[in-house]
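Undergrad: To start, I am sharing the structure in question, which I have written as structure tokens.
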Ligand SMILES: O=c1[nH]cnc2c1ncn2[C@@H]1O[C@H](CO)[C@@H](O)[C@H]1O
Ligand SMILES: [Zn+2]
């Protein structure tokens, strides 16, 4: 590579995003406007710039539980059909403007029922918003495909219902299921019936695991629940031991779970900035993604919550590129990993890889050499 990648270079690359929360990606100005429209008076700041800073600072808490408290404000303004539609449309447009060509965006329908919407109405509003956003993005010459993942909250008891909802809407834009929320004390097996239902329906799911809790959570997610992918999964490094090799180099010894994850090519949805904010990683430079990429785990790069982290997928790649010296080949590798791991039919994944990702990177490599 002839020069370090700039943020602008990276924005032009065709990217794939598998882990992004709808209620963690609102534009600060939209939060302010929606709060005014629905009469929500609980916002901690009135001006969009201040509010954006507030979200970042509050999320910089060092603990997942406190990080999650910030969602009370976004969820509060996402309780009507209009609000959900707007937020989803803007999400699709913002991702497309950042150069994302395929995204899976998740949210928990059960959190949007406070003003009388039904679960089905919530899903329909969000799907309509994504349809509008995709149409606008295409009109601006930035086509994007957005799939939806329905999330159940792990402390609650509605996961089977949400899994059924995901299956009901699977032919019209919902591509999978997930559980999220506080991890410690809420193991994935609490929701085994929902995951077994998804498996019986030949449907896909990912599980937030190995973020705020370690190996047992990852093990349950894979070996009891049958997750297709791991949300974060960073703590898999607890099963990888560094040994000092002769001559001063280092060697690693992996436990059975880490080997299983690598052998089976289990996709890891890594979210570097979010992990630093919740204390799951000490810093970007010390993020396990560096080692896991070297060991050739099926690593993908994601945003988690663009609002709370004040980030975008391009910025996540830029930070990694700065910390680890990643160039186009690395970014393409992460992107192809993500596309291979998407909950989209095989032929559609292949067509995005061959039709958009490979030609896009080839052109950038040529233009910046
Ligand atoms: O990184 C995370 N770990 C666990 N839960 C999360 C994370 N980010 C967001 N949420 C939770 O998922 C819900 C639905 O989108 C959000 O409301 C938030 O509570
Ligand atoms: Zn998440």
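Each residue, glycine too, has its Cβ placed from N, Cα and C.
What TrEMBL says about a protein is an automatic prediction, not a curated fact.
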Undergrad: Need a hand: TrEMBL gives 19, 21, 208 for Zn(2+), which of 98, 120, 304, 329 is also on that list?
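TA: As annotated by TrEMBL, 19, 21, 208 share the Zn(2+) site with 304, chosen from 98, 120, 304, 329.
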Undergrad: May I ask which residues of the same chain, at least 6 positions away in sequence, place their Cβ under 8 angstroms from the Cβ of residue 21 (Zn(2+) binding site)?
TA: 105, 106, 107, 151, 180, 304, 305
Undergrad: Where ligand 2 binds, which of the recorded positions 23, 181, 211, 232, 304 are close by, with Cβ under 6 Å?
TA: 304
Undergrad: How big is the Cα-to-Cα gap, in Å, between residue 181 (substrate binding site) and residue 19 (Zn(2+) binding site)?
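TA: That comes out at 14 Å between the alpha carbons.
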Undergrad: Between the Cα atoms of residue 19 (Zn(2+) binding site) and residue 232 (site 'Important for catalytic activity'), find the distance and write it as a whole number of Å.
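TA: If we compare the Cα positions of residue 19 (Zn(2+) binding site) and residue 232 (site 'Important for catalytic activity'), the gap is 9 Å.
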